[in-house]
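**Q** Take this structure first; my questions come after.
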Amino acid sequence: MLCKSNSDKRRGRGSNGEDDEDGPNGAFMDVIQQTVGGFGRWQWQIFALLCIIALPNTWTEMSIQLLGHSTEFWCKPPELYQNMSTAEWKALISVTHENSNKVKVGSCMILDILNENVTSLIPCEWGYEYNREYVVSNIITEWNFVCDREYLVYVFQILTMISLSLGGLCFGFAADRFGRSRSLLLAIVCRSIFGILSSAARHYHLFFFLRICLAFFDRGALIIGLVMCLEIVAGRWKIIVPILYQLSVAFGLIIMSIMTNFIRDWRIAQAALYFMSAICIICHRIVPESPKWLLAVGRDADATKILENAGELNNVDSLVVRSMVQSFYISPDDTGTPKFIDLLKNVHLRKRLALGCLNGFIIFTVLYGLSRYLGQLSVNPYLNICLQGVLTLVGILFSVGLVILSNRKLAIVIASSCCGVFTLSLLAIPLDMTDLRGVIGGMAYIASIVCISPIQPLVAELFPTAIRNSAYGIFSIFMSIGALIAPFIISFGDIIWYLPLVIVGVLSLIEAVVIVYLPENPRHALPQTLEEIEMYSFA
């Protein structure tokens, strides 16, 4: 935060004795670094609690793979044939070679066995039965979302993604307007309520409505948590901690796969998951408001109190903290504090937002495309989700190491290039070599995780504190758009098997070029005013 009259106070070393990585120029000073240090007990405590709160953030989005997992189905036998075994009944109603071209899926129609004309086809009049080897129950088996009702699964997915996008936008604005902590509390309380209620819905219309509400609040919790992780640390920790925060995504996937594997009833499993989410409300009681946001909106006394408490945990004298915080106060006549409309009016903010959204769209399209591709390698959806969680964990750790050794943009260039090469190399591997294709596909997925881990905090820190969550909320819309179109890209494989791999691979290589044009603040400083944005843009 610019404070020219007091900038000399903020030079030199941080209050915890670390070298101030924000540099000797007062414009790059960080209130956290100068008061309580870049990372200490206070930051560790908040970081751990935010990670726990973030564990359920993937359950709403990724549980679609379980709730909407398609499995083998066939027509239920009428009362006259109830005594037949499943194998005998399926053999009796199977579509013969002569009439197989009359139906799209043999399970949607059967031979007219009740009449003498057994060569004609009729729709299933007695309902459906399902192969429950892996998925005992889900919304498809519950409400028979097959054949002429199959489209409802895609409607559910689309509505969920739209709700996630709106939730990111609305909660981004709310977090900037009313504060990070209060908005986060609202998000996790409503997330738990709608998650539990949706597991009890007996009609799919009500279920869809409750899940849409759940997705809305779920995305809000995700974006607020990441921005708070970015704002409570300083120095080199601003690069590392927001990436490590995303480990909660990996562990969330693993926890969900294990719980749903042992609790095969989808209603009980969903209720259990969101009862766990309700525990996060307790964790929130210990998470304070972001001091940087408080300073940005002029609540200096509240920011000072929080930082004094933080100083006690980090072994910094409260008098030192108070005197240092005063040098970061924004004067009442400061006109440089940005507003939401500045995201569209200010040329520098507009450029940053456009490039950030473009990068987010490409990376998330690639990630979810590869996720769908890996999901086709095994018929066991629980194994697929667990595998994605493990690969996500590996990718995030790789990302941290690569970012430390180089920098975030270079890490994304390297990872995007590798992802594109791995994906396109699948074109040269025979389809029957499933193990090798799975390994190469997994390496491509890890590379996409290495891309996605640093891009989110990198984009978030490009914007002033007063509108940071709003900008990140807009960025999350393009994340969701990328995730939404990925299944349609993979579906092109039904027409030309290699087309999805070509699209995903080429997009990865394009990202390696596009990321170069994304701005980056000097010394990873977090801007507070429009004046600083202009300064960083020409630095």
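Glycine is treated like the rest: Cβ placed from N, Cα and C.
Annotations for this protein, taken from TrEMBL, read as follows:
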DOMAIN    101-523  domain 'Major facilitator superfamily (MFS) profile'
REGION    1-26  region 'Disordered'
TRANSMEM  151-171  transmembrane segment
TRANSMEM  207-227  transmembrane segment
TRANSMEM  239-262  transmembrane segment
TRANSMEM  268-287  transmembrane segment
TRANSMEM  353-370  transmembrane segment
TRANSMEM  382-405  transmembrane segment
TRANSMEM  412-431  transmembrane segment
TRANSMEM  443-463  transmembrane segment
TRANSMEM  470-490  transmembrane segment
TRANSMEM  496-518  transmembrane segment
**Q** Could you tell me whether the transmembrane segment (239-262) and the transmembrane segment (268-287) are in contact, taking contact to mean 3+ Cβ pairs under 8 Å with a sequence separation of 6 or more?
**A** yes
**Q** Six or more residues beyond either end and a Cβ under 8 Å away: which residues meet both conditions relative to the transmembrane segment (382-405)?
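**A** Same-chain contacts beyond the ends: 62, 65-66, 134, 239-240, 243-244, 246-247, 249-254, 256-258, 260-261, 371, 374-375, 411, 414-415, 442, 445-450, 453-454.
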**Q** Check the domain 'Major facilitator superfamily (MFS) profile' (101-523) for me and report the mean pLDDT.
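**A** Mean pLDDT across the domain 'Major facilitator superfamily (MFS) profile' (101-523) comes out at 87.
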**Q** What residues elsewhere in the chain lie close to the transmembrane segment (151-171), defined as a C-beta under 8 angstroms and at least 6 residues from its ends?
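**A** Those are 60-61, 64, 67-68, 70, 139-140, 143, 145, 183, 187, 204, 208, 211-213, 215-224, 469-470, 472-477, 479-481, 483-484, 487, in sequence order.
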**Q** Please determine whether the transmembrane segment (496-518) and the transmembrane segment (207-227) are in contact (criterion: at least three Cβ-Cβ distances under 8 Å, sequence separation 6 or more).
**A** no
**Q** Where, among 239-262, 412-431, 470-490, do we find the most CB pairs under 8 A to the transmembrane segment (207-227)?
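**A** Ranking 239-262, 412-431, 470-490 by Cβ pairs under 8 Å to the transmembrane segment (207-227) puts 470-490 first.
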**Q** Restricting to the same chain and to residues at least six past its boundaries, which positions have a Cβ under 8 Å from a Cβ of the transmembrane segment (443-463)?
**A** 226-227, 229-230, 238-239, 242-243, 246, 338, 343, 349, 352-353, 356, 359-360, 363-364, 366-367, 370-371, 374, 388, 391-392, 394-396, 398-400, 402-403, 408-409, 411-412, 414-416, 418-419, 422-423, 426, 470-472, 475, 508, 511, 515, 518-521, 524, 526-527, 533
**Q** Against which stretches of its own chain does the transmembrane segment (412-431) lie, if we need a Cβ under 8 Å and a gap of at least six residues from its ends?
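**A** Contacts of the transmembrane segment (412-431) (Cβ under 8 Å, skipping residues fewer than 6 from its ends): 363, 366, 370, 399, 402, 406, 437, 440-441, 443-444, 447-448, 450-451, 454-455, 497-498, 501-502, 504-509, 511-512, 515-516.
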